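The feature domain 'VOC' is assigned by TrEMBL to 2-126. According to TrEMBL, the feature Zn(2+) binding site maps to 56, 74, 122. Annotated active site, proton donor/acceptor per TrEMBL: 122, in sequence order.
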């Protein structure tokens, strides 16, 4: 068994694709409209679905608001240089809601972003991994 995807309901699919693809550097893997059910599914990720866990963005037509509740926490993305990543995310129009620093009661360096729907995205600094991601032909997350 392996984890295939996590699904997030989104109010504005284009804003969500802008955030995940243009700001966080994911690729749009596939997108399909389902007129009979009045919804669109878009799958985004850092690699193909056969080898990677991806995000499913579900856009239910004519839905204006979702209650995020208090059960959902966040998704997490590993980065090499969390400070440079947060700077680039902000320059690209992303929202940093917790700036880089050690986690509470620990030493792991983390930061939090917020997507256009209010979902939290945790960045975790992982110095030992080489995690290059490019956005608009510029390296977003670098190993320095």
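Quick reminder: no glycine exception, Cβ is built from N, Cα and C everywhere.
Since we're looking at a predicted model, the values are computed, not measured.
On the structure: features taken from TrEMBL.
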{"residue": "56", "record": "Zn(2+) binding site", "DSSP class": "strand"}
{"residue": "74", "record": "Zn(2+) binding site", "DSSP class": "coil"}
{"residue": "122", "record": "Zn(2+) binding site", "DSSP class": "strand"}
Sparsest-packed of the listed binding-site residues (74, 122) - C-beta count within 10 angstroms:
74
Within the chain of residue 56 (Zn(2+) binding site), which residues six or more apart in sequence place their C-beta under 8 angstroms from its C-beta?
5, 6, 7, 8, 41, 42, 43
